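Enquirer: So Swiss-Prot lists these for the protein:
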- C60, C62, C75, C78: Zn(2+) 1 binding site (BINDING)
- D449, D451, D453: Mg(2+) binding site (BINDING)
- C820, C894, C901, C904: Zn(2+) 2 binding site (BINDING)
Amino acid sequence: MIDVNKFDSMQIGLASSDKIRSWSYGEVKKPETINYRTLKPEKDGLFDERIFGPTKDWECACGKYKRIRYKGVVCDRCGVEVTRSKVRRERMGHIELAAPVTHIWYFKGIPSRMGLVLDMSPRALEEIIYFASYVVTDAGDTALEKKQLLTEGEYREKREEYGDGFKAAMGAEAIRTLLRDVDLEKECAELKEELREATGQKRTRAVRRLDILEAFLNSGNRPDWMVMDAIPVIPPDLRPMVQLEGGRFATSDLNDLYRRVINRNNRLKRLLDLNAPGIIVQNEKRMLQEAVDALIDNGRRGRPVTGPGNRPLKSLSHMLKGKQGRFRQNLLGKRVDYSGRSVIDVGPKLKLNQMGIPHEMALELFKPFMMRELVKREMASNIKNAKRKIERRDEDIWDVLDDVIKEHPVLLNRAPTLHRLGIQAFEPVLVNGKAMRLHPLACEAYNADFDGDQMAIHVPLSDEAQAEARLLMLAAHHILAPKDGKPIISPSQDMTIGNYYITLEEAGREGEGMVFKDVNEVRTAYQNGYVHLHTRIGLQASSLAKLGTPFTDWQKERILITTAGKAIFNEILPADFPFLNEPTQENLTGMTPDKYFVEPGTDIKEFIKNQPLVGPFKSGFLSDIIAQVYKEYKVTATAELLDRMKDLGYYESTKSGLTVGIADVTVLKEKPEIIEQAHKNVATVAKQFRRGLITDEERYNRVISIWNKAKDDIQAKLVENMDPSNPIQMMSDSGARGNISNFTQLSGMRGLMAAPNGKTMELPVISNFREGLSVLEMFLSSHGARKGMTDTALKTANSGYLTRRLVDVAQDVIIREEDCHTDRGLDVTAITEGNEMIEPLYDRILGRYTMKEVKDPNTGEIIVPANVLVEESEARKIVDAGVQKVTIRSAFTCNTRHGVCERCYGRNLATGDEVEVGEAVGTVAAQSIGEPGTQLTMRNFHQGGVAGGDDITQGLPRVQELFEARNPKGRAVITEVTGVVDTVEENPAERTKEVTVKGETDTRTYSLPFTSVLKVKEGDQVHRGDALTVGSIDPKELIKVRDVLSTENYILREVQKVYRMQGVDISDKHIEIMTRQMLRKVRIMDPGDTDMLPGTLLDISQFKDRNTSAIIEGRIPATARPVLLGITKAALETNSFLSAASFQETTRVLTDAAIRGKNDPLVGLKENVIIGKTIPAGTGMKKYHDIEPEVVNSNVTDGVYSISELEEKINEQQNNVESSN
């Protein structure tokens, strides 16, 4: 076998008939498969052991030679080589054809490759190949022309007229003759001449022909290889035949297709031997051609060959195509050993990086490790006995199992894996039952719940795999989400409500104003009922300072006013973390505010009475605490805090006794008045409509707004009258579950419902759930529910497909180097829409490198120098100083090939540190954009029925429109000149508006539809590329009028708009990477003195290289213009044919790659996965493979076997060092 890790690239080409014969181990002559009695393969048949190898390991067909000692012997009786049966998966045979046939891919593809080489139409080719017309292959001295088509009648006439003065033929033989006659070099030279003058259609055709001919010329492929004399027979184990119970056979469709070819081929041979009449032979040749076509690509031409039940047979092409094809089913996604799946259940007592594994599962998954350990401990004499012991479930194996799984991480995965947090590593802990246990905080990343979800478990086997699982994939490392760098693990539901409840404050609770020495005393008082969790008390600050809490000297001498609950809550935080007394950023990042401290001797009860109540810690603030702890203390401390927060939350939410009863749903007294008023207003509107004062559309819009206002009024009243101790209010306020709109539906009114067509129905549901709905109202509600369900189902599929396309276009973007030394940057400002802030400047500069120094606009002093990573503190300074625009390093302007450099990328959001070389940022970017896709809406919004306002596409369709570079719906007209809007005139006759823009050198007039809404008025200054009307700019127009960078910037801003409007935060850098991939190609306009062809697409880097060498040699360089490709097109235009073929349009990609003799440099991830090579990202990068480990402080690890022992030793050493200091 070849070692895939040894080679650097892979080439594809056309196979000549000689090549096919050289692959073959013998000719298949008979259509037989296996003997129905002996079930042994037939001689010379499709499963022949002489050709393909033995069916049993180390055994010939007749049984004369058995066992490995005869390895390599060829049996003299049956002619079978003694070897492994595995060779039946790799040895090929061939069929010698009695007449040549054309390969359907090259004849039928669009454009027809044969047609381009021969300069003939596909229709003409079809007539020749399928024996409908003759073609002149050699005109001799006659008046005929080469390649002229003749019908049967015309052919006879010409034969009579000219005799043997010309040659004409039909079928693939004629095509092969013509292809052999093509002089590639001469044709290329002629076409290049023609290109100098040609225009229009003629030029396009010439460019396409030249492209194909040069491809043949440069690749060393010969055009006549598109016609075959022999066809390969793929190994039998890849087209198996298996016996079903009941004695019938199931076989791969390929065997049927091969049998048809062999039958027809053998019949043709016999007919030729018999010298049968030409018409019969011709018919048989045509049938052979059709049989080979069906084998290669069934259904491409004519009706597909069908099997039983009229099912089209799967040909070789279908084996590669689609989700079930070879690429996506077997090469990119394999089933793996050492894996299992089970239902998940909650494991509230687990630590963050643990999972519970059922005994039975662990025993099966860790069986080899168990057997080794049993033999090692001499509990079993050999592996066989150990296996028996495990199968018997002996009592003494369970302790061994406990030790085997200790410190051996396993991977858990939940489908659908939308982002990289869908697979994480945990340390297994044995549990009873058959369900796996998952830590409740890991649910959010997996989007898992415990209503019957299943998860898959995988065991990393090698030491390297285990080390990577532990150091890179352990759940504790996945605290921040890669899409925005905010914590993805944060307490939810019960945990939130528990922590909310413990930090609540109430006035006048029992024991208010008591002063305590330390937290232990507070806890004792609480447990004995002297104080309540919500009681405001005094606590000696010095006792907390002794434990490490940072207080100023002034604060240390005073008494801290807090509540009993907050004192207990603060115990879970790291020792030297500020004491949290209020949910504010100042308290979190600075110190506890001075206002909570009083002098000893003050009347504390009186002081407390005059103090306002401080709000409890809600879900958002808990998340902020986690982010801050992670930033300061990194992984271990954060994981510990999370577990403590979880335990405290569950404990306190249980103790709080939070319940919901019908009495908790309050009824609003003012509701009948509001409803009555709304009814009156609706009646007024109806009257106006009847009198013809308003149109039906206006009436509809007004009715909708009346009912929406009524609902809003009821909601506002509810909020006013809300009791803060109401359990439903507590749930929604803390962020544990539910929001104000749920509350309105329970005790206010349900309001308007959506109809299945997406419009809102005029009839509102006036009741709420507390009162109960009437039958009609229930019926109205059900419409909206169905719409919601269908929308969700469609959205999931659309979003998944978007993710797949995004991953495909960006999978080869990896951090390749530390600095690309670019001299360009990106100017960023806050993204706004009207008065609404979409993305503030702070978010855009955080975690990025500055390109130029940032100066204070007032004083001129430098806030942040150039080439520095902007941390939180610097970003805050920049924003506070009032800076509006910052120039940063960006993926848009990075010079690195096939990727990005560390400086242009900035911070790795998932770790909070600078990104490292090898990080697969392209895949992460694609997942970050695709994963929230399901949260986006599917709708196009109407502009509130404003006449003439086109629908604005939003949500998922808008994201697809931008990334696919489609013409946007509701397109805006842009100006092509910079200048002043001179006139805006209406032209009622033409039903248009005319806007004239006067530039310095040029004046343009734009004729706009009458209904379009203008963005400009007379006298406005406009810059080229600015929109004149309301709507979406077409980026393809923008790139023509402006430059690449402003187009990239426009796409970035537009994508951000969609996501941020829906409340989804995504970092700019992900969108930058995707947009850059859409703009990495240029189209050659004028080739100059280079060998590039006009109109071809080239990578920017290749284009620059070729131009550089042309300039060095003193030739005229080529000119090109940048091209914006949609992500699907960009993914297919990649340099890797393996990656493109496994994405879409498999046959087209492979046909093209073969003709060009393409070389796949194996730069991306996908192509390496396909050939089974280590991916060139992360620890698989070359850079990391050539490292010699350096021994540091070797005495630490002497005689240490487990990680826990190692940690103890290291701690011991540190303690010794500290004590000696």
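Cβ coordinates are placed from backbone N, Cα and C, and glycine is handled just like the others.
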Enquirer: Find, among the binding-site residues listed as C75, C820, C904, the one whose Cβ has the highest number of other Cβ atoms within 10 Å in the structure shown.
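Expert: Of the binding-site residues C75, C820, C904, the highest Cβ count within 10 Å belongs to C904.
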Enquirer: Where does C904 (Zn(2+) 2 binding site) sit by DSSP, helix, strand or coil?
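Expert: In the DSSP reduction, C904 (Zn(2+) 2 binding site) maps to helix.
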Enquirer: Give me the sequence-ordered set of same-chain residues, not including D449, D451, D453, with a C-beta within 8 angstroms of the centroid of the Mg(2+) site's C-beta atoms.
Expert: I344, A448, F450, G452
Enquirer: If one measures from the C-alpha of D453 (Mg(2+) binding site) to the C-alpha of C901 (Zn(2+) 2 binding site), what distance in angstrom results, rounded to a whole number?
Expert: 40
Enquirer: Are there any residues at least 6 positions away along the chain from D449 (Mg(2+) binding site) with a Cβ closer than 8 Å to its Cβ? List them or say none.
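Expert: Correct list: C443.
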Enquirer: An 8 Å radius from the center of the C820, C894, C901, C904 Cβ atoms defines the neighbourhood of the Zn(2+) 2 site; name the other residues of that chain inside it, in order.
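Expert: Other same-chain residues near the Zn(2+) 2 site: E817, D819, T822, R889, A891, T893, N895, T896, V900, E902, R903, Y905.
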Enquirer: For the binding-site residues C62, C901, work out the Cβ neighbour count at 10 Å and name the residue with the minimum.
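Expert: The binding-site residues C62, C901 were compared, and C62 has the fewest Cβ atoms within 10 Å.
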Enquirer: If you count the C-beta atoms lying within 10 Å of each candidate's C-beta, which of the binding-site residues D451, D453 ends up with the smallest number?
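Expert: Ranked by other Cβ atoms within 10 Å, the binding-site residues D451, D453 bottom out at D451.
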Enquirer: Within 10 Å of each Cβ, count the other Cβ atoms and name the one among the binding-site residues C78, C894 with the highest count.
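Expert: Of C78, C894, the one with the most crowded Cβ is C894.
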Enquirer: Excluding C60, C62, C75, C78, please set out which residues of the same chain place their CB within 8 Å of the center of the CB atoms of the Zn(2+) 1 site, keeping sequence order.
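Expert: Surrounding the site, in chain order, are A61, G63, K64, Y65, D76, R77, G79, V80.
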Enquirer: Taking only same-chain residues 6+ apart in sequence, whose CB is under 8 Å from that of C60 (Zn(2+) 1 binding site), what do you get?
Expert: E49, P54, K66, V73, C75, R77, C78, V80, E81, V82
Enquirer: What's the CA to CA span in angstrom from C894 (Zn(2+) 2 binding site) over to D451 (Mg(2+) binding site)?
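Expert: Each residue's Cα considered, C894 (Zn(2+) 2 binding site) and D451 (Mg(2+) binding site) end up 47 Å apart.
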Enquirer: Taking only the Cα atoms, work out how far D451 (Mg(2+) binding site) lies from C820 (Zn(2+) 2 binding site), in Å, as a whole number.
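Expert: Given the Cα positions, D451 (Mg(2+) binding site) is 50 Å from C820 (Zn(2+) 2 binding site).
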Enquirer: Please report the Cα separation of C901 (Zn(2+) 2 binding site) and C62 (Zn(2+) 1 binding site) in Å, rounded to an integer.
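Expert: Taking the Cα atoms only, C901 (Zn(2+) 2 binding site) lies 63 Å from C62 (Zn(2+) 1 binding site).
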Enquirer: Whole-number Å distance between the CA of C820 (Zn(2+) 2 binding site) and the CA of C62 (Zn(2+) 1 binding site)?
Expert: 67
